[in-house]
């Protein structure tokens, strides 16, 4: 079964807190507080959240399937139970989803660009992540991160974001896993399983060799299954659309 990695659970400040252990992201570690100044998360009701990535002082990227009418965007956050002095909340001023996206196919062109209602300032815990200058290479070591479930049963959620390293696979592995591979998509994971993104990590970044290469879209259910990588929207393939929208061409179509 395929899982779109949005969750419908308790508010992040109310979820069961997982003590630091070997079961994080799934299978990673607590992120260093200085590792993720670009990482944001959003509430779009009292019960749902997704990850996001700050790409400049006024714009964030996430998955299109995370879109809801009301969204509250948190930046500069680390521990849900402790406030950083520089954390801020923003709301969408404008939201852009590919106009040529297939309406009934959630995984098609699963990317959304959001303009914040007010720019943010760079600070100790807030700074953008640059868009990629080159596409990623198969075999690259990639970093995943988020506040999503840290157990495959999706009954434990963390107070802090967790990080893990996974590998970028070739298209053969991806097609074997799911009998196909959507266009402009990357797949990444660990062949033996045990390390993966999970529910609540949707929309968060895939960072390969230091570059923002993917946006988490979907994966296996349960998470972290052997030979069942997760799928990420390939950011590099959408650069012309992203740059056109930011430049003011609001009717730009996706490739």
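Note: Cβ is positioned from N, Cα and C throughout, glycine not excepted.
Copied over from Swiss-Prot, here are the features:
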SIGNAL    1-18  signal peptide
DOMAIN    25-247  domain 'Peptidase S1'
DISULFID  31-163  disulfide bond
DISULFID  50-66  disulfide bond
ACT_SITE  65  active site, charge relay system
DISULFID  98-254  disulfide bond
ACT_SITE  110  active site, charge relay system
DISULFID  142-208  disulfide bond
CARBOHYD  170  N-linked glycosylation site
DISULFID  174-187  disulfide bond
SITE      196  site 'Required for specificity'
DISULFID  198-223  disulfide bond
ACT_SITE  202  active site, charge relay system
CARBOHYD  249  N-linked glycosylation site
Original post:
Taking the Cβ of residue 98 (disulfide bond) as the centre, how many other Cβ atoms fall within a 10 Å radius?
Top reply: 19
Original post:
residue 65 (active site, charge relay system) to residue 110 (active site, charge relay system): how many Å between their Cα atoms?
Top reply: 6
**OP:** For residue 66 (disulfide bond) and residue 202 (active site, charge relay system), determine the Cα separation and express it in whole Å.
**Re:** 7
**OP:** Identify, among the disulfide-bonded residues 142, 163, 187, 208, the residue whose Cβ has the fewest other Cβ atoms within 10 Å in this structure.
**Re:** 163
Original post:
Which one of these disulfide-bonded residues, 31, 66, 223, has the sparsest Cβ neighbourhood, judged by other Cβ atoms within 10 angstroms?
Top reply: 31
Original post:
Helix, strand or coil at residue 66 (disulfide bond), per DSSP?
Top reply: helix
